[in-house]
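Undergrad: Below are the features listed in TrEMBL for this protein:
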- A:1-29: region 'Disordered' (REGION)
- A:7-24: compositional bias 'Basic and acidic residues' (COMPBIAS)
- A:48-329: domain 'UvrD-like helicase ATP-binding' (DOMAIN)
- A:69, A:70, A:71, A:72, A:73, A:74, A:75, A:76: ATP binding site (BINDING)
- A:330-599: domain 'UvrD-like helicase C-terminal' (DOMAIN)
DNA sequence: TTCTCACCCATTTTT
DNA sequence: TGGGTGAGAA
């Protein structure tokens, strides 16, 4: 039985009850947390092997504390040891510590590590979790104070959008012009800032849906209450409202939480900040750990300002900097530090390491002709590492945007290199899982209209739009949920024959399952529901390629239910916590976005796609200017600092983005790396490939056509790049000094007009290649030739690598 | 009701 | 280029 966040009776004890009763524990067990807490006189072993700053951060228990922890400086260790220390010194019981993280992964890791430190399970830390899971926990206890019942359901983004779509349509607003998805984003950003319908500014309120933004938002909130539901944003917003409107409740939590600890403080948004500040007012013992240089979620509402302003917000705050890095080599560290130093808005830290391995590899920068070659070369290099005994688990490819992943996947499939994509769609976001959950929800929570709508005609029962509209009309007129409306309508003549029979059958099934809920184990019931509803059968009959996988996922879903004692407990867990279990056992290369790599580390890290427009991403620059650029730079910093021993940065001169070719120039970030710690790898002939020479040639010829480019950029990085080029220090800067805008051009056009192929190579020409021997040119694509080699078969090569015969 | 075709649009993502 | 969506036909 894992620890799930359903409130238990003992959790409902009031805060001023005796601490022991509070977390339902017996008096201190010998060797237990509390026992250690009582007699911790001798210096505790957990304080061994800490550096002075870490020790200071752990021992400074009273008052506000900000720990600025650079990448790889032992942030999690400080956080967990601090908790262990608070417990060991008897300053608080486990149930009196509030520890919040952003992700379930981080929460899980913290639980495990505290478990190691204090020996045994951390059953007694009920308030260690994500912002959201703690939010729900509080909200369920006081649901009635914010107009909900304690069994409220939590809508995911998909439900949220469907609900909004209905409201938008109900207002007669053109859903094409004002997409529900966009509105969901807007509402989300309001909730991130802690703004209710009444709080949003006039301008913003009018900015959506022909000026009806505020009304739609208010309608949406009303609807949620009617459905007894919340969305993710509400879990924090409503808790905040609860505290503000009910000082006695807040006082209760003030008494309860003697210590507040926050992980990744740089990622907090406004609500989270307000929420924390409110809770920390009680004890004033708030410890935030974070790194302003790793703030990469500004676009999601995170306020770097929170961390920059900490000392003002919490008067008397102490700030401790952790700058000693235990992860990376000096080269990697120097590269990352040098890069991030280009940012203006930062508190400033200087990371250092004592890892002065003379053998350490410099950070490597390499060029490829196009993204395909980039993937090919990285694939080859990984194979080489593998042959040298390098574990694939310790290799990661970190990309800026997920479309970049595909090329690597394709390549790895070809090579037979095992890989895993980290952070793809979550388990519970899959279609079949959501359908199944909708069935379970409708049984557990009859008023859940969104669940009802989702499965009312899945599998097909002949209950289409027309029928649903009738239900909706009735439901709205009589202010009852859809299932209630359905219950009435099967008794009347409003629905025609087939639909009516189908609906009646369905309603009878619901009734039967609800009745069985009382008697049967929930896993068994779940199977019965999927079976009797015809849902399993639907996929069994489906002959598409993904059907077997979906059936497998459904089985997995049932299996995972065994860990919960009730259907309700399971439902809450899955919407909030469940993520796909990665089989970490298999040895495989990890492919993920830079964002999802935060907090991880690998021996070898590949960083492909360092090109202007992709990284830094054009949109970040366009929409947020300098701030956007700085966030991108932080992302680059996060990427490099994931590497322990080897960091390999790549860029490709050509990339196919949406079917058309995009020519690109090296990222300005490359010019921000320190020469002394970086090695530019010349790809020379290694695979008959296209190395820097080619890039040079490409660049030169492109700038011969410079007239067609607009040049407006005059950034410092760019100027430096230009200077570097003049001094001959880097291979990347572009001659001419003007920055071209990235353009979209047809592939052929690029090749012909921009690069310019060698006129000697025409279709049918005989050529010789060092590696592949003699062959006949079968097609020409700029300076790239497709050649049918007599012995090596068909290859694509660059014309500079072959000679005409 | 359901299927098909045309059209639109393309970062980053946790809960 | 490809996936997701909405309007129209079968």
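Just so you know, glycine gets a Cβ as well, placed from its N, Cα and C.
Please treat TrEMBL annotations as automatic predictions, because they have not gone through curation.
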Undergrad: Could you say whether, by DSSP, residue A:70 (ATP binding site) belongs to a helix, a strand or a coil region?
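TA: Assignment for residue A:70 (ATP binding site) reads coil.
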Undergrad: Within the domain 'UvrD-like helicase C-terminal' (A:330-599) only, compute the mean pLDDT.
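TA: A mean pLDDT of 87 is what the model gives the domain 'UvrD-like helicase C-terminal' (A:330-599).
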Undergrad: Tally every other Cβ atom lying within 10 Å of the Cβ atom of residue A:69 (ATP binding site).
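TA: Around the Cβ of residue A:69 (ATP binding site), 28 other Cβ atoms lie within 10 Å.
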Undergrad: I want the residues beyond A:69, A:70, A:71, A:72, A:73, A:74, A:75, A:76 whose C-beta is within 8 angstroms of the mean position of the ATP site's C-beta atoms, in chain order.
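TA: The answer, listed by sequence position, is A:78, A:291, A:322, A:325, A:326, A:327.
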Undergrad: Look at the binding-site residues A:70, A:72, A:74 and tell me which residue has the greatest number of other C-beta atoms within 10 angstroms of its C-beta.
TA: A:70
Undergrad: In the structure shown, which of the binding-site residues A:73, A:76 has the fewest Cβ neighbours within 10 Å?
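TA: Across A:73, A:76, these binding-site residues, the one with fewest Cβ atoms within 10 Å is A:76.
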Undergrad: Among A:71, A:75, the binding-site residues in question, whose Cβ has the most other Cβ atoms within 10 Å in this structure?
TA: A:71
